[in-house]
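According to TrEMBL, the features are:
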type	residues	note
TRANSMEM	26-48	transmembrane segment
DOMAIN	41-289	domain 'G-protein coupled receptors family 1 profile'
TRANSMEM	60-82	transmembrane segment
TRANSMEM	102-135	transmembrane segment
TRANSMEM	147-176	transmembrane segment
TRANSMEM	196-215	transmembrane segment
TRANSMEM	236-254	transmembrane segment
TRANSMEM	274-291	transmembrane segment
Amino acid sequence: MVPLNLSEVSEFRLLGFSEVSRLHPLLFAVLFSLYILTLMANMVIALIINGDNTLHTPMYFFLTQLSYLDICYLSVIVPKILENLMVGTIGISKTGCAMQMFLFLFFGVAECFLLAAMSFDRCVAICYPLHYIIIMNSKFCKSLVAGAYICGTAVGLVHTIVTFSLPFCGLAINHFFCEIQPLLELLCGNTSPNEIQVIVVAIFAIVSPFLLIIYSYIRIISTIFKMSSAESRQKAFSTCSSHLLVVTLFYGTASSMYLRPKSSYSASVDKLLSLSYTVVTPLLNPIIYSLRNEEMKGALRKRWKKTDFV
């Protein structure tokens with residue numbers, strides 16, 4: 001195919017779920033409902049934490065940031081999916097596509113490092129309880145969050161600039177948003193260097209924080225087993241079980257997407273995986289933290305009683 005002159009390209013076409021067009025009304029109803037529910041759930045979590053002084057601790061500060069990230073992460077992707085389900089194949093400008101890719105990577109990578117910061121917080125709380133307040137002070141917590149955003153910005157810029165500086169041999173993106181893998185499918189010639197770039201950046205953005213999480217939980221589990229009381233062990237484990245479940249959900253889908261070669265790429269499978277980490281995981285996060293955390297449940301009950309009284 002003859003390479004397209006990128007300077008003349010005005011827009012790409014998002015094919016979305018064109019292979020199941022008959023199911024578009026049902027998919028629209030389901031995704032729209034999940035989108036509204038997820039926005040409400042994460043907003044409630046953030047409002048509850050900000051409005052309850054007993055929850056103004058490092059763990060809940062990170063949880064609030066996670067809710068903000070999930071809201072933004074979801075809002076970058078889902079509106080285009082809903083538009084696609086309403087009208088079929090839709091166009092997205094070159095600038096809009098680049099911006100969507102950048103924001104998607106920015107929020108996704110920032111969440112990876114935020115989850116690592118949350119695991120470090122639990123490690124300090126369980127392994128060094130007497131020094132917890134000193135180590136996890138407000139300035140340090142804000143620095144960890146800022147570091148997560150800086151890493152997200154760096155990865156997003158590198159991927160976006162490199163990808164959109166290359167010639168394309170097609171404009172039809174077989175996906176519902178400007179995802180990396182389907183865009184690589186449109187590049188001309190040998191894309192092996194770009195695949196290697198994706199894997200290298202994924203190792204930094206996904207594997208590095210994951211290794212930090214693994215190390216933190218090795219220290220946590222080791223400390224828990226050394227506790228003499230079964231009640232103390234149960235209490236310690238319950239404080240990090242929610243985070244561990246969220247990490248498993250997020251990293252399970254993310255690693256299956258990016259830590260594999262282009263030869264194993266499947267558009268249908270990747271669309272399903274993308275839906276799981278762009279729609280399902282942001283919905284499950286507040287549910288998991290609400291149902292498995294006694295302090296959160298107490299704060300929710302307290303807020304409900306005040307609302308009911310008013």
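Yeah, the Cβs are placed from backbone N, Cα and C, and that goes for glycine too.
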Chain residues in Cβ proximity to the transmembrane segment (102-135) (below 8 Å; excluding those fewer than six residues from its ends, i.e. six or more beyond): 58-59, 62-63, 65-66, 69-70, 72-73, 76-77, 141, 144-145, 147-149, 151-153, 155-157, 159-160, 177-180, 205-206, 209-210, 212-213, 216-217, 219-220, 223-224, 236, 239-240, 243, 246-247, 250-251, 254
Confidence summary for the domain 'G-protein coupled receptors family 1 profile' (41-289), mean pLDDT rounded: 84
